[in-house]
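Per Swiss-Prot, these features apply:
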type: BINDING; residues: His129, His133, Asp326; note: Fe cation binding site
type: BINDING; residues: Leu151, Val152, Ser153, Gly154, Gly155, Asp184, Gly197, Asn298; note: substrate binding site
type: REGION; residues: 358-377; note: region 'Disordered'
Amino acid sequence: MDLAPTSPQAQARALTVLGLESSCDETAAAILRREVDGSVTVLADRVLGQNDAHAPFGGVVPEIAARAHAEAMDGLVSQALAEAGLAVADLDGIAATSGPGLIGGVMAALMTAKGLALGAGKPLIAVNHLEGHALSPRISEPLAFPYLLLLVSGGHTQLLIAEGVGVYHRLGSTMDDAAGEAFDKTAKVMGLGFPGGPALERCAQSGDATRFALPVPLKGKPGCDFSFAGLKTAARQIWDGLDAPSDQDRADLSACVQAAIARALSSRTRRALAMFVDRFPDASRPMALVVAGGVAANKAVRAALEDEAAAAGFRLVAPPMKWCTDNAAMIALVGLEKLARGQIDGLDAPARARWPLDGAAAKSDPAIGSGRKGPKA
């Protein structure tokens, strides 16, 4: 991909950034290099998952995750540097997820980055994890601003307009649970294993997506907000009402839940596509609908969104599967973008459990995306 030079300093020399990620249950380190002509190369990309540690509990246990991040991070950094053939002294900056996420996990990447930056005298770039997902397709292909972004994962479901690095306008957000939460919790109820989303998708392959009637969240309601709590509850009630459920019952309910989530995402995205066209009538065609985050790896969701995009004259853009879930390559990319603009942070940069991607969300009253736990990132 190419990053357009943004300053004389950015054009003068190549930049190499180490990115670190530990916001949930993947520990990751990656190194990206930006050449003078704007092209970007992934020099190293390491990810260590924690599925085996969390599987007995059916979900991510924050304390276990934080401990695993702390134990793994130094080794992954060493592996990434060795893979790239570099030393810390060769880097131009250290980027790390600073939030949002599980605070104990976030601190593992951020504190490691601070130590490296201080010891080597390198700039620190504190990265919003959500911006990493927002820009992740740009790791592998040119993607011009503005574009419509559907950010969909286990913790977030948002529709935003991406107008530039650090410039985002939210059109809608979940009012309760994220789409990935509905996937994961339904999978847990049916005993499909962890992680739940991919397990449910595999189970759905042999299921009948028309067998069970599930509600379409916010059907007919204006706006671009989402709601998945009711769908999650309805799926559980259907499961609890089955007498000695069979493997086929599991497959059918998995297929129905997957189809309902895909319909909900595509119907709200349809509204956002129209709003994007109204806002940018002169944008170059075809315009881009970007889907990013862990749920972007779901093939049924991608297919539904591809249909919506094509009907509206957009092209669907998604990162490669390996960069849909949490990774450090996207963190390093944001680090490159910000470093090229001279946007660096002090060693007092905080770890944040919540950090809205769009500044207006944190100031709105009531907060955009408010739910049972308050303003969501």
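Every residue gets a Cβ built from N, Cα and C, even glycine.
Each residue in Glu21, Ser23, Thr97, Gly101, Leu130, Gly132, Ser136, Ser153, Gly293, Asn327, Met330, Ile331 lies on the same chain as His129, His133, Asp326 and has a C-beta within 8 Å of the C-beta centroid of that Fe cation site, without being one of the site residues. Taking the C-alpha positions, the distance from Asp326 (Fe cation binding site) to Gly155 (substrate binding site) comes to 12 Å. Its own atom aside, the Cβ of His129 (Fe cation binding site) has 30 Cβ atoms within 10 angstroms in the protein chains shown.
Remark: Val152 (substrate binding site) has Gln158, Ala178, Ala179, Gly180, Leu265, Val291, Ala292, Gly293, Gly294, Val295, Ala296, Val301 as non-local neighbours, by Cβ distance under 8 Å and separation of at least 6 in sequence. In the three-state DSSP assignment, the secondary structure recorded for Gly155 (substrate binding site) is coil. In the three-state DSSP scheme, Asn298 (substrate binding site) falls into the coil class. For the pair Asp184 (substrate binding site) and His133 (Fe cation binding site), the Cα-Cα distance reads 20 Å.
Around Asn298 (substrate binding site), a 10 Å sphere centred on its CB holds 26 further CB atoms from the protein chains shown. A Cα-Cα distance of 12 Å separates His129 (Fe cation binding site) from Gly155 (substrate binding site). DSSP gives His133 (Fe cation binding site) a helix state. In the structure as shown, the Cβ atom of Leu151 (substrate binding site) sits within 10 Å of 26 other Cβ atoms.
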